[in-house]
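Accompanying notes for the structure given below.
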Amino acid sequence: MQSTRKTNQLAIPDLSGKVTIGDLLEAFSSYEKEIISIKLSKQRRSRDEDLKVGYVEFETVEDTEKAYGEGSVKVAGEAKALHYAKRKDQRMKERVIVSSKKVYISGIPEDTDKDELSALLGNCRISGGDKGKNYLFAEYDNSEEQERALSKINNMKIKGSKLFAMPAYEKANIGRIGRRKGDFN
């Protein structure tokens, strides 16, 4: 059985192309009042072009867990496995983290050269800042240096242009451990 996740959505993959939203509503008829939305999409990464995946969103995580039950449901007469799913915006949030060393800096005039930036930013590695872009990333050795840089740089002016600095985002090291082809989280 799949582990419980804090989500209010279930995914039902490998549905026939003939399955309708009505079929999904019927499959979850005992939870009709708790259902917020039902969506059917063409299944990606499928060899069979007619397969669909259904998403059923419930009001609460508790409702979702009740509907999950034993992990399967009968849709249009066929037993189908259930998976906990998250909306795309929830999945994206989990893939990035706020960096403890990198700083995103915008508002940099195009004609600013690397020497000026190095003098302004101090001891760091600079990436980005290519011609035509008014932003760059500066990576410091530790979080204390990052904090000092944020305090110093934010609202500073260079060549009359006000700079804006904030901690950068970086990819979370989530790896592929525990991910299966059919796992929709």
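Including glycine, each Cβ sits where the backbone N, Cα and C put it.
Note that the structure is predicted; figures quoted are calculated from it, not measured.
Here is what Swiss-Prot says about this protein:
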{"type": "DOMAIN", "residues": "8-87", "note": "domain 'RRM 1'"}
{"type": "DOMAIN", "residues": "101-170", "note": "domain 'RRM 2'"}
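For the domain 'RRM 2' (101-170), the model gives a mean pLDDT of 86.
Taken residue by residue, the domain 'RRM 2' (101-170) breaks down under DSSP into 19 helix, 26 strand, 25 coil.
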